[in-house]
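Single-structure report; data block below.
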C-alpha cells in the first residue's frame, strides 16, 4: 500500500448557505445520496439473497414435502413426517456417529499438533522460518480432488508407497486403506487433517509472534518453569486463536471431508465413511428423496447455528485476553 | 554451559519442522515423480525417474478433453474472481463511505451466509439452474458465484483502514463518489485487492462441489470434475492419473511459487472459505 497521508491537509467544511432555496437543493442532494449506498450494495444483496437466502427458505419449505426432484411430478405435503422418518432411518444414526468421528478425529491436526509445533518452534531464524512456512502451507492450496487422487495412489493397497514402506518395516499384510471398513474413515480423516495442519500451525505461529516477550521475561524473573509459562502465559494469550480454530474445525471438519468421501469411498465400504453431509447428498441426488434431504439439512443447519452461537458467546467472554 | 543446550533445542525445533514439511510436501513430490516414470517403473519405489518420459502426460491429454476443461476452468475462475472483486469493491465502498440505515444489519446478513453449508442449499439452487436451462453451461457455473461474502468482509477491513483525509481531498477537488472509488481508493489498495483476488482465483479453480452438480459432460466441465471422472474411469493408470493431477494443480502451484508470501499472509489473515 502506498498512500501518503502527509500530503493531504484536512480542510474544515465551510458551512455557508442558509437561504431556503439552497436548503431545498441540499435536501434533494441528501435524499439522492441517501439511495447511493444501497445502489452500491445492490449486486451483493441481490445475489446473496437469491443464491443463499432464497434456497435456505426453500429448503425449510421442502422439508415438509415429499418430492423426487422431477419438475413434472407433484410435491406432496407430509407435515413433520420427514423429520420423524429421520429419527428412525438406520443410516442417520450411523452418519451422525461418523460425523462425530470426523469432527473429533480432525482436532489433533487442526489444534493439538499445530499448537505444540507453534509453541515449541517459536523464535526460529527468520529466513529458515519463511522456507518452512512456504512448504508447510502447500496442502492448503491444493485442490481436494487432486489431493484425493495423490493419496489414493500413495495409500494403494498393493502398489502404494505407504504400504511398501510399512511392509519394509515388518507389516505382514498390506492395509486396504479405503476399502477396509475398519480403516476407511480414519484414512479420510487423516487426509482432511493433513490439508489443515499447516494452515493452523501458521495461524498459531502468527499469534505467537504477537505475544509481548516481556511477559516471558517477567515470568522468568519470578522463576516460573517452562510448563508454567506455557500454561499461564502462552495458552491464555493464544486463546482467541485457539477458539477461532476450534470453531472452524468443529463446524467444518465433516463438510471438508465431503470431497474426499465422494471421490475416494462414496460413503462405503458398508456405509462406514458416510457422514451427515454425504447423506444429504445421497438423499438429494442418488435416491431423489428431496424431503428427507431437506429435513436433514434443516436439522444440520440449526445444529450448526447453535454451535456457532455458542462459540461466539465464548469468544466474547474471552476477548479481554486480546489486549 | 548454555551453548550446547541451545544447539540441542534448535536442532529439535528444526527436526520437528522438517518432519512437518516432509509430510506436507511428500504427496506433491510423489505425484510429480510418478508422472514422469515409464510404465514399467511406476510400480517401483524409486525416488527419481530412471528414464524421464512425457508419455503419461500425452496419454492423459489424449484420453480426456483436457484442453477444453482447462479452458473452462480458466474462464470460470477468471470471471468469478473478476465478478467477486467488482461486487465486493462496490459493497465495501458503500459500507465505509456512508452511514446509512440498515448498514449493520445488511453487513450482518452478508457475514451470516458464511454459516450456510453448501449442502443445505444445493437442492433449491440446482432446481433453479435446471429450470433456467443452465445445466452443462459455463453460465450455470459462474452466475451463482458472482459474490463472495469472504471478499466483502476482507475488502471492508482494507477500505476501513483507508485514510479519510485522502477521500476528502479528492472530494474538494470536485471528484464524484464514483471517481473517488476508482481513482483514489482502488489504485491505492491495489496490493490488498490483488491478494484477495489471488485467493478467490485459487478457491474457484479448486472448487469441486458446484461443477459436480451442474455439469455432466466432460466438455462442459472444469478440470477438477474432469480429474474425478478420469480417476473413476480406469483404476490402474497411475502414471497418466498423476500426470493429469499435476496438470490440474499446475496453475495454482505456479501462482503459489511466484506469490507464496502474499498468499500465506492473506490466508492467515482471512481464514477459510
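Cβ atoms here come from the backbone N, Cα and C positions, even for glycine.
Under the heading compositional bias 'Polar residues', TrEMBL lists A:1-17.
The domain 'ABC transmembrane type-1' feature in TrEMBL is assigned to A:96-313.
TrEMBL lists A:1-24 with the feature region 'Disordered'.
According to TrEMBL, the transmembrane segment annotation covers A:35-53 (among others).
According to TrEMBL, the transmembrane segment annotation covers A:100-120 (among others).
Long-range Cβ contacts of the transmembrane segment (A:132-154) within its own chain (Cβ-Cβ under 8 Å, at least 6 residues beyond either end) map to 124, 160-162, 178, 187, 191, 194-199, 201-202, 205, 256, 259-260, 263-264. TrEMBL lists A:132-154 (among others) with the feature transmembrane segment.
Feature annotation from TrEMBL assigns transmembrane segment to A:183-208 (among others).
Within its own chain, the transmembrane segment (A:229-253) is flanked in space by residues 102-103, 105-107, 110-111, 114-115, 119, 192, 196, 200, 203-204, 206-208, 211, 215-216, 219-220, 304, 307-308, 311, 314-315, 318-319, 321-322, which lie at least six positions past its ends and keep a Cβ under 8 Å from the stretch. Summarising the annotation, TrEMBL assigns transmembrane segment to A:229-253 (among others).
According to TrEMBL, the transmembrane segment annotation covers A:289-311 (among others).
Proximity of distant same-chain residues to the transmembrane segment (A:183-208), defined by a Cβ-Cβ separation under 8 Å and at least 6 residues beyond the stretch ends, is recorded for 98, 101-102, 105-106, 108-111, 113-115, 117-119, 121-122, 133, 136-140, 142, 144, 147-148, 151, 155, 175-177, 234, 237-238, 240-242, 244-245, 249, 253, 256-257, 260-261, 264-265, 268-269, 272-273.
The list of residues near the transmembrane segment (A:35-53) in space but at least 6 beyond its ends in sequence, with Cβ under 8 angstroms from a Cβ of it, is empty.
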